[in-house]
Amino acid sequence: MAHSHSHTSSHLPEDNNARRLLYAFGVTAGFMLVEVVGGFLSGSLALLADAGHMLTDTAALLFALLAVQFSRRPPTIRHTFGWLRLTTLAAFVNAIALVVITILIVWEAIERFRTPRPVEGGMMMAIAVAGLLANILSFWLLHHGSEEKNLNVRAAALHVLGDLLGSVGAIIAALIIIWTGWTPADPILSILVSLLVLRSAWRLLKDSVNELLEGAPVSLDIAELKRRMCREIPEVRNVHHVHVWMVGEKPVMTLHVQVIPPHDHDALLDQIQHYLMDHYQIEHATIQMEYQPCHGPDCHLNEGVSGHSHHHH
């Protein structure tokens, strides 16, 4: 029986993530003040809805930026994985905030149907167009580039996407009000935009809760991983007791591997580690190698897939 673990890390994507968040925070915070004032002056709920999203965005971007900074702290004896999970927690809080603000906007829109208020279409249009441009800039800052975005940047981008949709909705409502004078267009567009944002927020909430509950990554099929290891690594007879979870954006795995006693134990261990890295991007794996079938009380976890279909070469 043998244990091994491998671990590598890189901070370059985190640096890029932090830079994205900082620039988007500057753009969003600056324009939020303009939109809040404009929303009150014009009397437009669609603008106030967009301003509400921008207010949430500003806090969300700041929180996400702080989380990325904290996540860079090195591991300690007490926090052995460092602070990587803090970014997931920030994404969870961001998703909750987005759900709450969306519900409040829908509630206010319903109130507007009961007691309509005058809306100044011209001012509403000017501010909505400016808001759209600011949101496009923020969204581009968060999304451009090919490197991996972490869950916080995804969360922040969803907030900004909500704002972008809000600005489009405000422009459509402003056009209707300018052309026809029909003010119910304002709360109607607010509700439609809010429902679109709510759908995205729900997806983000599910992803962050899955990570906080240490669920396996949705993209990883554990049964297939076990089958492939038994089929593609000749010495592997059985893979069991597999645990996979996420720490920040990094997948972490522990597993038991029953093997034919190898001529070179360390070479086989190294082969398994490289296999997990190359095929599943798992940089941190703790592997327990066994020469006999495992008889521990919890060794048959995930044993639904037979590990005996393997090839000898």
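From the backbone N, Cα and C atoms, a Cβ is placed for every residue, glycine too.
Pulled from Swiss-Prot:
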TOPO_DOM  1-20  topological domain 'Cytoplasmic'
TOPO_DOM  42-47  topological domain 'Periplasmic'
TOPO_DOM  69-89  topological domain 'Cytoplasmic'
TOPO_DOM  111-121  topological domain 'Periplasmic'
TOPO_DOM  143-159  topological domain 'Cytoplasmic'
TOPO_DOM  203-313  topological domain 'Cytoplasmic'
TRANSMEM  21-41  transmembrane segment
TRANSMEM  48-68  transmembrane segment
TRANSMEM  90-110  transmembrane segment
TRANSMEM  122-142  transmembrane segment
TRANSMEM  160-180  transmembrane segment
TRANSMEM  182-202  transmembrane segment
Per the Cβ under 8 Å criterion, with at least 6 residues separating them from its ends, the transmembrane segment (48-68) contacts 14, 17-18, 21-22, 24-25, 28-29, 31-32, 35-36, 38-40, 86-87, 89-91, 93-94, 97-98, 101, 104-105, 108-109, 128, 131, 138, 150, 152-153, 155-156, 159-160, 162-163, 166-167, 169-170, 190, 193-194, 197
Tell me, what is the mean pLDDT of the topological domain 'Cytoplasmic' (1-20)? 56
For the topological domain 'Periplasmic' (42-47), sequence-distant contacts whose Cβ falls under 8 Å of one of its Cβ atoms, 6 or more beyond its ends: 35, 105, 108-109, 112, 117-121, 123-124, 127-128, 131, 166, 169-170, 173-174, 186-187, 189-190, 193
Same-chain residues at least 6 beyond the ends of the topological domain 'Periplasmic' (111-121) whose Cβ lies under 8 Å from its Cβ atoms: 41-45, 174-175, 177-178, 183-184, 186-187
How many of the residues that make up the topological domain 'Periplasmic' (111-121) does DSSP mark as helix, as strand and as coil? 5 helix, 0 strand, 6 coil
